[in-house]
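Novice: Per TrEMBL, the features are:
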type	residues	note
TRANSMEM	17-36	transmembrane segment
TRANSMEM	83-103	transmembrane segment
TRANSMEM	110-129	transmembrane segment
TRANSMEM	135-153	transmembrane segment
TRANSMEM	160-181	transmembrane segment
TRANSMEM	212-233	transmembrane segment
């Protein structure tokens, strides 16, 4: 069966549910943005940001010496070697990519299970190289949380695994865009990844310009996730 790229006869029931759920999650996330209720999900986005730095480092033959995630929603990945100008943008763009991947994974129960398994595996791996207790607690907490949701999915009538994966994906996508705006554009943190990237990149763009470019790419990832999700469900 060929993919329905033109989205003919959109929108069917599952597509409407997909769009409505994303809309509801967006409203809930924005409404609770400054409350403690979203803090664990913000920290999981920071975790994916730092993990993306680590992945880029390993893919470019570098060494990851440690990863930290802090309660104030900050984080740090200590690397040695690798291709620095690829490692720097991997944090923001990587977390946006993972948000898109999780949104797409939520369109099918099998892919939602795979996404849940990959999250648990990545959290287990990072648990052993975590350098502070905030990250260790985050890893343990989310491993238990996802495992319980998965167990409920398989043994009871509480079938919410796909929605949890979708919520984490939407949260990750929104927080990535916000984090880029807050760190790189509105406040212009001089030690940010974008400012460091501007120093090593031969292009004439400064840190703010790279922040705008990365923000646009992150927003494109979010739009692509919604579009491709509709294609998958058509």
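Cβ coordinates come from backbone N, Cα and C, glycine included.
Show me how these features fit into the shown structure, please.
Specialist: Here the transmembrane segment (110-129) has long-range neighbours at 47, 51, 64, 66-67, 101-102, 104, 135-136, 138-140, 142-143, 146-147, 149-150, 161-162, 164-165, 168, meaning same-chain residues at least 6 beyond its ends whose C-beta is under 8 angstroms from one of its own.
Remote same-chain partners of the transmembrane segment (160-181), defined as residues 6 or more beyond its termini with a Cβ less than 8 Å from a stretch Cβ, comprise 21-22, 25-26, 29-30, 38, 41-42, 44-45, 48-49, 92, 95-96, 98-109, 112-113, 115-116, 119, 146, 149-150, 152-153, 211, 214-215, 218-219, 221-222, 225.
Within the chain carrying the transmembrane segment (212-233), a Cβ under 8 angstroms from the stretch's Cβ atoms is held by residues 3-5, 7, 10-12, 14-15, 18-19, 22, 89, 92-93, 96-97, 99-100, 103-104, 106-108, 169, 173-174, 176-177, 180-181, 184-185, 194, 205, all 6 or more beyond its ends.
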